[in-house]
Structure formats: C-alpha cells, structure tokens
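Here is what Swiss-Prot says about this protein:
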| type | residues | note |
| --- | --- | --- |
| DOMAIN | 9-283 | domain 'tr-type G' |
| BINDING | 18-25, 82-86, 136-139 | GTP binding site |
Amino acid sequence: MSDRKYPLERVRNIGIIAHIDAGKTTTTERILYLTKRTHKIGNIDDGTTVMDWMEQEKARGITITSVATSAYWNGHHLNVIDTPGHVDFTVEVERSLRVLDGGVVVFDGVAGVEAQSETVWRQASRYGVPRICFINKMDRTGANYERTLGMITQRLKAKCLPLQIPIGCAETFRGSCDLLDFQCYGMDNSPEEPAETFDLPDADKERAVKFRNTMIERLAEEDDEVMEAYLAGEELPVEKLKAAIRRVCLANKAIPIFCGTSLRNKGVKRLLDAVCDYLPSPVDIPAIKGTAPKTGEPMERHASDTEPFSALAFKIVSDPFVGRLVYFRIYSGNVSAGSGVYNSTRGERERIGRLIRMHANDREEIEYADAGEIVASLGLRNTFTGDTLCDQSAPILLESIKFPEPVINLAIEPKTRSDQDKMTEGLQKLAEEDPTFKVKFDDETGQTVIYGMGELHLDVLVSRLLSEFKVNASVGKPRVAYREAITAHAKAQGKFVRQSGGRGQYGDVTIEVEPRERGAGYEFVDNVKGGAVPRNFLMAAEAGIRETLETGVYAGYPMVDVKVTAVDGSYHDVDSNENAFKMAGSMAIKAAVAKAKPILLEPIMKLEAVTPEEYMGDVIGDFNSRRGQIISVEPNPETTVITGNVPLAESFGYTTDLRSVTKGRATFSMEFESYREMPGELANQVVEAAGKK
C-alpha cells in the first residue's frame, strides 16, 4: 500500500465551469500561479495559458477540451479540471462532472447568468455536484453584484449564500469584504505573500451588516444548529458558521457566493480557501454505486485505500509524443505502474503501463495512485470513455457516461490514397477522444460523413484532422441530421419468397406500428400467438426491422419513437431461415411506415443573442426570417438578451450574419433543444432531395 502525502479528507476534485468568456481559464491560470504550479501568469489574449494548450485553443482564445492539473493549497491536494464554456463542447463538461466531487461556477459580473451558465448548472445538478460561485470581472464597467445574485436565484433556482460583497465596482473596485468577520481583501499579491487587507470603509458598513444578517437568516433556514442560535439571539463563532456553511453546501441546500476579478488578481486566494473549506473531499460524497458484472446485483465502493481498486475512464487523448492516454478517476483502492487491471465493461484484462499525473499538457510520471486521485495511463489499449477499471478478484461495473446524439454532419473526402489511410487513422483517434463525434461511411455515395454537436465542433475537429494528422481533404458544407417518425397506427405484412432450384427462401411476418412520445425511442413487442413463428426467426425479423429503421424508410434518415408489434406470420420447415425472415421484417416495416403517415423531424436549437439595444430590431428581424420563435426579450444595462428557438437548418452562417447586422458588437450561444416536426412543404423538399441522390 502507498504512503499518502495528503489524507483523503484533504483531497479536492473540482471543476471550473461556466459560460464562454466568463473567465474560467483566467481563474484557473491564477490558481496555478498562486499554488506555485506555474511561475508566471498565462494570458489568453497572448496564447500563453497553460490550460489552453491545443493550437486551436490558442488561435480561437477558447477552451475546447477539459484539462486536468494538480495543485496544492493550505495542506490540501487539489485536482482541478478547466472545462469549455462553448456549448458545442458540452461533452467535456458532462464527462468532467461525472468524475468530480465539487464545482466552482464562474459568472461574468457584467453579463450575469448566460445561456451556457444554465446548461452547465443543469449538468452539475443532474450529478448532484456541490458548488460555490465566483462572480468575476467586478472591475469591468457595468458589473453588478446584486443583479447577478438575483439572476442566479431566478434563472438557476438556486439559494444564494453570499459570503462576500464587493467594495467598489468597475474602475473603483478595491476588493471584497468577507461577511463572516468583515475583513476586506484587495490584491492577492505573490504566492508567498498574504493577500492585501484593508479596513471596511464606513460607507459600506451598513450594507455589509445587512448582507451578513441576510446570510445568517438563510443559513438558519437550512441548518438546525444555526437556527437554534438565531432564535436564542446568540452569535455563533466564525468556525461554527463555517462548519454550518460546509454542511449546507455539501447537501446542495445553498450555494456560497464569492466575488473578485481574476485578471486583476483580486479574490482568487479567498476562492482557494473556500474550495478547501466548503467543497467536498472524496469521503464526503456518497459511495459510488455499481453492479456485479455477472449477476447485475447492486454494489458500491467507498472512498478508501483499503477497498478493492475501482476507477472510471472518462477521457481518451491521442498524445503526439507518447501515444494513447487514458484519464481515469480512482474511486477506491490504489493502483501501481506496471500492474494488471480488469476492464469489467469489456470483460478484458489490461495492463497499466506508465502512470502519469497530468499538468495540462505536461506529464509527471508517478509509481502509484490512490483513491480519490485523477490520473492518466499509457498502455490501456482497449479502454474507452465510460469504461470501468477494477480489481479482477473483486469486479464491479460502474455506471457509464451518457452523451447526447450529434445533430449536424458533413462529408469529407481525402484527395489521395495516402490521405485516405491518414484520414481513417485520424478520424478513429478523434472519435475515441470525443464520444459526440461519430464517423460513418456512406456506401451509396462512397463518402465519409462525420457527425458533431455544432458548426464550431466540426470546424475544430476538421482543423485537427488536417493539422495534427497531416490529411489533405475536401470538406463539404454542414448538413442537418434529420429524423423520421410516424403519426398513425398501421398494419402490414412482409413476405419474402424466393425459389431458384433446390432449397428456397421463405419468411413471413405481420407487424403493427404506432407512434411513441417524442424521445421514447424504439420498442419491439412479440405478440405472435401459438408459435406461428419460431423465436429465432422472429428475432431475425426484428433485426431486419431495426436495421431498416436505422437507415430510414421515408427520406433516408433514422426513424425514431416507434413501437413495432409482431402479431402474426408463418414459416416453412425447409425453406425458412434467419436471412429470409430478416428480409421479411425489412419489407414489413417499409410497408407499415408508408401507411402510418410518416413525417420528418428537424433539430431545434435554443439560441441566446446579446446585442446592444440599438440593434435589437435588426437582430429580431433576422431571427424571424430564420423561422425563429422568440421566447423572451430581456433588457439589461447597455444590452438586450434575446432568447428563442430556431431550426438548425436555418442557423448555418448565423455567426457572419449577426456580426454583419450588429457591426460585430453582438454575441450569441446556441445549444440543441429538441427534435420537432418539420413544416410539410419544407419536409417535402428534403424528401425529394433525398430521392434524387
């Protein structure tokens, strides 16, 4: 067993999450500097950040992948993951939150709660991740602490527990006042020096007392010990208040709120203290649940070095220098470099080659890793995102990670045969890294088609393919991933008979189809009575039905949300076989769908545009011209936030058009909302175009 440098109670696995441009990466860079992981502060605008190490990240000034690093603060070991804020890379947030224990949510003090803020908040809530919030950019013109608190309460339905208030605002922002003891903090200074302190100005005392009283009242509502003291009129000491804040934070009953400006080095040291004081260690979270691989019986593992080894692989990276890196979170036990582990997801033994603690793109080789750690390994050849690694003598299968289906695709063609080989290898590695990136080969057109979550997502992946894998290829325009559905009940028979000398082919099945609720998926029911069709033939027919639905019946797009019930059929003792019934199933579903009033579904995107007020009319006009549906128009100081739904097919080129109508002064974010029925005339055009291919 290994000797721990830091007890489990002093380990923090945290993610820095937020909307794009809220200051996540800048905050993380300050954390690395203050914890002495770096000796100078990286800058996004200069492309010198440690965490944004990919060429595309430096060029675009955004975070694309989630990056892990280790840091140390006040006797605590922090595993910090900086995640992307752009919705096209939401998969990175999803997989990070699955393996983290706590989150630091960064908000732009000017913009407040933005579209992707809501998305990452929902993701964190789904995984039950305790959070603290950092209202950043308090030095910017238009920053408003109280308004942002109100937006967190109203839009995110969170119970705010402000533990600081800003002293000054915009160009007069001096720092923040801690409401527990009214100590004020200014510049963070160097790692060795304590943060600058100053006395609470007289002009802010009444406001600070009011905020503190509100904080105590909210804390009392959620914590019995504070409530008893509050009702008795007693003043609890700071340490007891901090213990109560930790309890309500871990229980997700309230969210501690802090403020500052990462760029100007104010507030990050206190934020680091808060991570240690209020966010959970691995022992504070419930035991990880799983099942026995063979029996499916429920099992669990506690965060302990003495329990059997269990871990979840959450990220694959193709490193150009060392090869295939697998990131995993250890939930129990420990593991050594060179040791054997069991992949219970795939039923295969694997060997841990080199064991690595990552610092963004730098690697630190280690001999062993303990429960609660996030590390990477070389040598795991058959382990993929969402796989469980464990001790073979005590196997467990942990819940995997669920990812959304891609909604956009484009064709890509290599220019030479050697490019074909490089492209195949590159696409395979990129698909291993990103579960929302899919690759399919179209047999009819001979084209390779790639699928992703949005234009930027595919743009970045194509850029990586061309630059990292040196592929010379032609790239088509983005296309919409439509879906098919039915709107009525129908019944049809599929009968496949072929006689050409010798043994013939015979398969016969009758099915009924009916629509299901949107998102319910495909269901097959066997309702054939009296053994009219043997079980193995019926399963072959079902395989034919399923494959036909996957390739499309109406317009060549996958058909979803349909219930298929097999009701009758017949077979021949000599001529029937599984292939004949597979053909019969395919024929039956095609005939049934034709009668069931098929429709086309199109992906609808939720779009949020932030524009100066003078361009609001132009932005709304452009939005309406795209078959958009306005949900809300929210005026803010200096800007207006327009939220609505727009079909993905109408959103291509929106970046350029929005820049044009607002002279580059508006921003927007867009995420997948749902699939909805496409208007008849437009659907007919898509169906006709599919028929001409």
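Indices start at 1 and increase along the chain as displayed.
Any Cβ shown, glycine's included, is placed from N, Cα and C.
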Inset, instruction - According to DSSP, folded down to helix, strand and coil, what is Ala18 (GTP binding site)? - result: strand
Inset, instruction - State the three-class DSSP label for Met138 (GTP binding site), counting H, G and I as helix, E and B as strand, and everything else as coil. - result: coil
Inset, instruction - If we count other C-beta atoms within 10 Å, could you say which of the binding-site residues Ala18, Met138 has the fewest? - result: Met138
Inset, instruction - Look at each of the binding-site residues, Asp21, Lys24, Thr83, and point out the one with the fewest other Cβ atoms around it within 10 Å. - result: Asp21
